[in-house]
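Participant: Sharing the feature lines straight out of Swiss-Prot:
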BINDING   Gly11, Gly12, Gly13, His14, Ala15, Gly16  FAD binding site
BINDING   270-284  NAD(+) binding site
Amino acid sequence: MRNSYDVIVIGGGHAGCEAAAAAARLGATTALVTHRFATIGAMSCNPAIGGLGKGHLVREVDALDGLMGRVADAGGIQFRMLNRRKGPAVRGPRAQADRKLYAAAMQAAIRATVHLSVIEGEADALLSADGRVTGIRLADGREFAAGAVVITTGTFLRGLIHLGEQSWPAGRIDEAPALGLSRSFEALGFALGRLKTGTPPRLDGRTIDWGAVEMQPGDDPPEPFSVLTPAITTPQIECGITRTTPATHAVIRDNVHRSPMYSGQIQSTGPRYCPSIEDKIVRFGDRDGHQIFLEPEGLDDPTVYPNGISTSLPEEVQRAILKTIPGLERTELVRPGYAIEYDHVDPRELEPTLQTKRLRGLFLAGQINGTTGYEEAAAQGLVAGLNAVLAAGGGDPAVFDRADGYLGVMIDDLVTRGINEPYRMFTSRAEYRLTLRADNADQRLTDKGLALGCVGAERAAFHRTKMAALADAKALAQSLSITPNEASRHGLSLNRDGQRRSAFDLLSYPEIGWDEVKAIWPELAAVSPAIAVHVEIDAKYHVYLARQTADVEAFRRDEGLLLTEIDYAQVPGLSNEARNRLERHRPRTVGQAGRLDGITPAALGILAAYLRREARKRPATVSGER
């Protein structure tokens, strides 16, 4: 085994796998350090990928030739497009996954990645010199040199599990925590915080009364995450839906003092949008019930994940809770739910590349940055892995901004605003969500991936073919036109203004779809259904996209005004509050400054004017020197 790598990635979860694979795709010699190869790709909490906002991230990871989309397609056992009744911008692909199939597919993908080696062991310390990371030391004493290191430790940094009145050190159930790395961070001056997350009990599906619960099928046919997946071939299953009852709530209220969150045992903050069942009852006491999704964990595994009742109440209380829920009265508990606390780094310690400001060559991704969720972790891992290679090799950084994708929105939120609770992606966080749709992730990002060199030959060829077909189909739809009188003969009611309208124009009407225009122009039948969907969505959003393009151009103008070397004490007109905030956060651009709390439009105007004055001075200085 070699003892030196271009990039070392610590942690084999969702962030670590994407980071390691991305680095290796760029040709870097890469090592993935994990406790055991068998735990690579493990789904620590819910057996599902995607969802609202999260599904966008999976599609964006796929567009950059990442792994998660293809692995989810291989392991998915129920696919649903959430928000299907709403517009395409807020629809979210989601898949229920077979835990074993998902992990096996991820492990196979890691094995097949050229330039990537796996080292089994516990990373115990970071090695550095002259303000730059130089490698790592394992708990067994082995040392490995690296040009860059990516840390993706999930909940393992000083992880502490809580179950009722009991607590014990662990990274997740039955796995040891990572203690040495926390000490390394503290020695380097990083301020560590504590966050909390939780998981529900696991149930024996053979003891559930499935006849007493509502059943929810998936989409037919299922829609894959990856553009490279022609069709889903794994057998599909149904999930169940039940609800808590007033009796459930009474059990929880009677025992809430035994919950670590309410006994004072846990002081850290949990995810607002994924609260424990005891938190739901305390915060929403007027509700008569809370929905629970019964999600099978595998095709040949009877274990069921009851999504919606995350808890750290004592095991006997969890059993009592289950007896009050329709369909679960006689269910057997496979494993109790629990809460886990872990260390995280303030993400404002990071550059938009996810490199730390304190130590060059050190990158962080996933829950260590204060996020929650597999998809958020995967997207960060991919960005960190790409930039680790570029930093180690002296290349230009790969920065994704808020107009590029949800991954850019997330990273900008983290490094600009920081977090005070685990960060979860939602479509509402994106200003340009009409542009940043799940259906066009490859159209937005694959060309950028090709320029970076992280997209392989198969995807590159597929992308070129698809984009050519899309351009041809759109041109065809724009070339075919009809008058209002002609349209009326086909059953379409248009404004009788004498204006000819193209097939593309007609598709912008809410009530007109591809089938209607194809009935008028049979030549449109030659367009594949997959391409037709894109043309129709583009037509529906055409007017709005033109407006949003102007907004994006204004955003990018502000992002182009760099603030990196400004002495804010020399900027006249800034309030002391604004000056202090700008000095503390050191935003890279005027646009980023505007996203800081407490920075007013007036302060931004002062900064922009100052930059213009300084820009006018520089040419005069050069001329004088000559």
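Here, residue 1 is simply the first one shown, and the rest follow in order.
Any Cβ shown, glycine's included, is placed from N, Cα and C.
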Participant: I'm trying to understand the geometry here, so how far is the Cα atom of Gly16 (FAD binding site) from the Cα atom of Arg272 (NAD(+) binding site), in Å to the nearest whole number?
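Facilitator: Given the Cα positions, Gly16 (FAD binding site) is 25 Å from Arg272 (NAD(+) binding site).
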Participant: Specify the secondary structure state of His14 (FAD binding site) as given by DSSP, simplified to three classes.
Facilitator: helix
Participant: Within 8 Å of the centroid of the Cβ atoms of Gly11, Gly12, Gly13, His14, Ala15, Gly16, which other residues of that chain place their own Cβ, given that this set defines the recorded FAD site?
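Facilitator: Neighbours within 8 Å of the Cβ centroid, excluding Gly11, Gly12, Gly13, His14, Ala15, Gly16: Val9, Cys17, Glu18, Ala19, Thr34, Ile40, Thr152, Gly154, Gly366, Ala377, Gly381.
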Participant: State the Cα to Cα distance, in Å, between Gly13 (FAD binding site) and Phe284 (NAD(+) binding site), rounded to an integer.
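Facilitator: Taking the Cα atoms only, Gly13 (FAD binding site) lies 34 Å from Phe284 (NAD(+) binding site).
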Participant: At the level of the C-alpha atoms, what whole-angstrom distance separates His14 (FAD binding site) and Glu278 (NAD(+) binding site)?
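Facilitator: Counting only the Cα atoms, the answer is 28 Å.
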Participant: Quick one: pull the CA-CA distance for Cys274 (NAD(+) binding site) versus Gly11 (FAD binding site), whole Å only.
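Facilitator: Gly11 (FAD binding site) has its Cα 24 Å from the Cα of Cys274 (NAD(+) binding site).
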Participant: Indicate the candidate from Gly11, Gly12, Gly13, Gly16, Gly270 with the smallest number of other Cβ atoms within 10 Å of its Cβ, considering only these binding-site residues.
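Facilitator: Output over binding-site residues Gly11, Gly12, Gly13, Gly16, Gly270: least Cβ neighbours within 10 Å is Gly270.
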Participant: When you tally the Cβ atoms that lie within 10 Å of each candidate's Cβ, which of the binding-site residues (Ala15, Cys274, Val282) has the highest tally?
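Facilitator: When each Cβ's neighbours within 10 Å are tallied, Ala15 leads.
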Participant: Just the number: how many Å between the Cα atoms of Lys280 (NAD(+) binding site) and Ala15 (FAD binding site)?
Facilitator: 29
Participant: Where does Phe284 (NAD(+) binding site) sit by DSSP, helix, strand or coil?
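Facilitator: Phe284 (NAD(+) binding site) sits in coil per DSSP, no helix or strand.
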